[in-house]
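In TrEMBL this protein carries:
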type	residues	note
BINDING	B:11-18, B:36-40, B:57-60, B:117-120	GTP binding site
BINDING	B:ASN22	Mg(2+) 1 binding site
BINDING	B:ALA23, B:THR25, B:GLY26	Mg(2+) 2 binding site
DOMAIN	B:4-166	domain 'FeoB-type G'
TRANSMEM	B:283-303	transmembrane segment
TRANSMEM	B:309-330	transmembrane segment
TRANSMEM	B:337-362	transmembrane segment
TRANSMEM	B:382-404	transmembrane segment
TRANSMEM	B:416-442	transmembrane segment
TRANSMEM	B:448-465	transmembrane segment
TRANSMEM	B:506-527	transmembrane segment
TRANSMEM	B:547-565	transmembrane segment
TRANSMEM	B:572-593	transmembrane segment
TRANSMEM	B:613-634	transmembrane segment
TRANSMEM	B:646-666	transmembrane segment
Amino acid sequence: MLGIPTKLKRTKGNNMNEKTLDLIEPELSVKVLKVTGQKSSRKRILDMGLTPGTRVDVIRRAPLGDPVEFKLKGYNLSLRKREAETVLVEVVE
Amino acid sequence: MTDKITVALTGNPNVGKTSIFNAITGSKQHVGNWPGVTVERKIGKRVHNDIEMEIVDLPGTYSLTAYSLDEIIARDFIIEEKPDIVVQVIDATNLERNMYLTTQLMELGVKLIIALNMTDLALAKGDSIDSEKMQEFLEVPVISTIGSKGNGIEGLLDAVADELHKTRVTENIFTYDSDIETRGEELEKVLNNDPYFAHYPSRWFSMKLLEGDENILKKAKESESYPEIEKILNELDADSFEAKIADQRYKTIQTMLRQVCDINTEHLSGSDMVDRVVTNKALGIPIFLSLMWAAFEITFTFATPFMNIIDIFFGWFAETATNLITIPWLSSLVGEGMIAGVGSVLIFLPNILLLFFMLSLMEDSGYMARAAFIMDKIMSKIGLHGKSFIPLVMGFGCNVPAIMATRTIEDTRDRLITILITPFMSCGARLPVYVLLAGAFFGRDAGVVIFSLYALGILVAIVSAKLMRSTILRGEDAPFIMELPSYKIPTLKGSFIHMWERGKIYLKKAGSIILIGVVGVWLLASIPAPGSGGVFASEEVYGTTNSVIGVIGQIIEPLVAPLGFDWRIAVALLFGVVAKEIVVGSMGVLYGAGENEDTLSDILAAGAMTPLAGLGLMVFTLLYAPCFACIGVIKRETGSWKWTLFQLAYGTTLAWTFAFAVYQIGSRIGMLA
């Protein structure tokens with residue numbers, strides 16, 4: 001349902017650094033490019049502050065590998081990989 | 001002369017809204033549900049400067065879109081009920097995200113007051129916030145508070161009183177880029193010309209249309225001017241507008257924050273350090289399990305002496321009353337019906353109070369979100385949220401508080417499924433049934449049998465959750481987007497208030513159902529069977545074949561015969577709905593235990609029942625209709641008799657099927673014969 005369009009976008013990106021948020025290793029930082037996915041989850045993700053241009057630090061994965069914890073706008077947020085997959089980002093230094 | 005006004009309290013989750021609410025209203029609170037849904041609604045009263053304020057605590061939300069029930073409730077209350085003042089509680093350590101809601105409230109055109117809460121924590125973190133400048137910028141009063149200590153509450157109430165008589169002027173603090181503004185104005189013109197929309201703030205409504213808010217779109221579709229609205233909306237790229245609007249709200253907040261505060265971003269907070277350990281890859285799960293074990297032990301072990309006192313007291317009370325009343329039937333009604341009934345309501349209170357005290361500590365400290373974070377992977381496999389784990393574990397102690405604990409699960413469907421499968425967690429009251437039967441029939445293997453029953457319960461719960469997810473409660477899994485709030489030291493006062501609230505709700509809402517159930521069963525056991533000639537509630541009738549319940553037992557005997565049960569088991573199971581442990585006591589009476597110094601265990605082992613039927617009975621006890629207390633809280637927490645009856649029917653059908661399979665397959669292959 002959500003998976004196909006996102007995966008297409010992942011390979012279509014012409015920028016080499018363009019990835020979906022679920023693929024970013026902990027301790028890296030990224031900048032949000034776009035939020036895709038279904039309307040209801042997309043809206044919530046935007047409301048929580050993952051708007052284009054926002055810097056997000058990947059903090060850690062949960063002990064069992066999923067969900068993942070992020071830090072943005074001074075607070076900590078966790079998303080399942082399924083939701084993180086809908087956030088297109090680019091790695092920043 | 002006093003004014004009467006309504007003040008709505010709103011804010012993000014985890015900002016200390018409850019502590020502000022408690023500090024304002026003290027003990028004058030009323031907890032109920034919002035009409036038609038099981039989202040909690042808290043209302044409190046406070047008189048300040050001769051103004052009688054009714055404080056309505058709205059559900060904590062991050063935004064006012066229409067994607068969660070909480071948000072719709074908060075939004076509808078503000079729009080439809082038009083509270084005189086809206087107070088938004090803001091976490092001073094987390095301004096940027098908190099103020100996203102502020103932008104939406106300002107667009108709604110409400111009289112807004114900001115309670116800048118937890119200013120002590122912001123200071124400790126090294127942030128400096130100029131609340132006066134913020135007030136100038138936003139053009140709404142900004143009051144610094146520390147809810148946990150009650151600081152700033154008087155100032156906040158003064159501001160409410162002041163604001164009451166001011167006319168509100170600012171609505172357009174937040175301006176968007178010109179393309180959005182242009183479209184917004186076009187829409188506003190249409191809205192202003194149609195009386196249908198007079199009820200709504202037009203700027204807010206037009207922005208919601210541009211954001212593509214489905215709830216608002218639905219409302220617009222019912223209007224006569226919808227074709228015009230549709231025309232404007234069709235001309236623009238909805239997806240990009242949605243992201244742009246969110247983006248620009250955040251940009252405006254950032255611009256303001258740069259002017260009014262200096263945030264220390266270098267600071268590695270205590271929370272981050274705690275999380276390095278608590279959600280650590282290696283330590284996270286062991287720490288979680290130890291905390292769960294501790295919470296479980298404290299809840300159920302500490303409660304035992306209190307439960308014993310209640311038990312002994314009501315035993316004594318019933319006996320005394322029975323002895324004092326000389327009319328036999330009345331003495332039985334009072335003793336075995338009413339007093340025992342009240343006792344069976346109160347017996348759960350120690351569990352409920354202790355569990356909610358523990359849960360409140362976990363919730364207020366911020367650990368609850370970590371627990372959900374750690375367990376989510378496992379729970380998502382059965383289509384549930386990480387937050388479903390704790391109620392299910394608590395179910396092993398007692399299903400009643402466990403079902404009440406599902407309140408923390410936001411998604412309605414996840415919550416409903418968790419409630420429906422919790423009764424399959426084998427609670428403490430079922431253990432005496434297993435101990436007796438497994439001891440009588442399986443001797444040294446009793447431990448293995450009991451363990452298997454617990455495992456069967458978990459298995460049934462998992463399969464049921466998956467089954468419900470794919471049939472009657474079908475749909476996309478709710479997105480998992482959860483804040484991990486910074487750790488805070490919970491206040492004892494807050495936890496006590498929470499604990500007491502839960503206790504009150506249980507007594508008021510579930511208590512009556514339990515009482516009616518217990519007295520109902522007493523009546524069935526006391527009314528003599530037609531034609532038996534017995535005396536109402538006499539010892540010769542009570543629970544025997546001469547009573548209605550005995551006749552019912554005999555009528556349903558053919559139904560349970562394929563499970564290897566006779567009418568006595570059927571009656572014991574009917575009594576078991578009062579409380580599961582009663583199954584044992586009832587069997588004792590029905591099989592005449594104690595008459596020849598034989599214990600029930602001896603009688604059963606001597607062949608009153610086959611071991612296979614015994615195993616089936618244990619399985620049946622595990623799965624069939626839960627006790628009245630549990631039924632009472634299922635009704636209270638689902639708000640629906642339909643779902644309550646569904647649980648009873650589903651559980652009982654499963655119980656019958658499993659016990660049937662055990663007995664029939666077992667006897668075919670000659671096991672345990």
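All residue numbers here begin at 1 and follow the chain in the order shown.
Including glycine, each Cβ sits where the backbone N, Cα and C put it.
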Chain residues in Cβ proximity to the transmembrane segment (B:547-565) (below 8 Å; excluding those fewer than six residues from its ends, i.e. six or more beyond): 521, 523-529, 534, 541, 571, 573-575, 609-610, 612-613, 616-617, 620, 656, 659-660, 662-664, 667
Selected stretch (most C-beta pairs under 8 A with the transmembrane segment (B:416-442)) from B:309-330, B:337-362, B:506-527, B:613-634: B:613-634
Greatest C-beta neighbour count within 10 angstroms, which of the binding-site residues B:GLY26, B:PRO59: B:PRO59
Filtered B:GLY11, B:LYS17, B:ASN22, B:ALA23, B:PRO59 - binding-site residues with C-beta under 8 A from chain A: none
Same chain, 6+ residues apart, C-beta under 8 Å of the C-beta of B:THR25 (Mg(2+) 2 binding site), given in sequence order: B:GLY44, B:LYS45, B:ARG46, B:ILE55
Mean predicted confidence [pLDDT] for the domain 'FeoB-type G' (B:4-166): 90
Close approaches to the transmembrane segment (B:572-593) from elsewhere in its chain (Cβ under 8 angstroms; 6 or more beyond its ends): 344, 427, 429-430, 432-433, 436, 517-518, 521, 524-525, 543, 549, 552-553, 560, 565, 599-600, 603-604, 608, 620-621, 624-629, 631
Spatial neighbours of B:ASN14 (GTP binding site) that are distant in sequence (at least 6 apart) but have CB under 8 A: B:GLY60, B:ASP91, B:GLY366, B:GLU483, B:PRO485
Range from B:283-303, B:337-362, B:382-404, B:506-527, B:613-634 with most C-beta pairs under 8 A to the transmembrane segment (B:646-666): B:613-634
Euclidean distance between Cα atoms of B:MET118 (GTP binding site) and B:ALA23 (Mg(2+) 2 binding site), Å: 14
Chain-internal residues near B:GLU40 (GTP binding site), provided their CB is under 8 angstroms and they sit 6+ positions away: B:VAL31, B:GLY32, B:ASN33, B:TRP34, B:PRO59, B:ARG407
Cβ packing number for B:VAL37 (GTP binding site), 10 Å threshold: 14
Chain residues outside the transmembrane segment (B:613-634) and at least six past its termini with a C-beta under 8 angstroms from it: 344-345, 348, 399-400, 403-404, 419-420, 423-424, 426, 429-430, 433-434, 437-438, 440-441, 449, 453, 456-457, 460, 506, 509-514, 517-518, 563-565, 569, 573, 576-580, 583, 604, 643-644, 647-648, 651-652, 654-656, 658-660, 662-663, 666, 672
Residue from B:GLY11, B:LYS17, B:VAL37, B:MET118 whose C-alpha is spatially nearest that of B:GLY26 (Mg(2+) 2 binding site), among the binding-site residues: B:LYS17
Secondary structure of B:LYS17 (GTP binding site) (DSSP, helix/strand/coil): helix
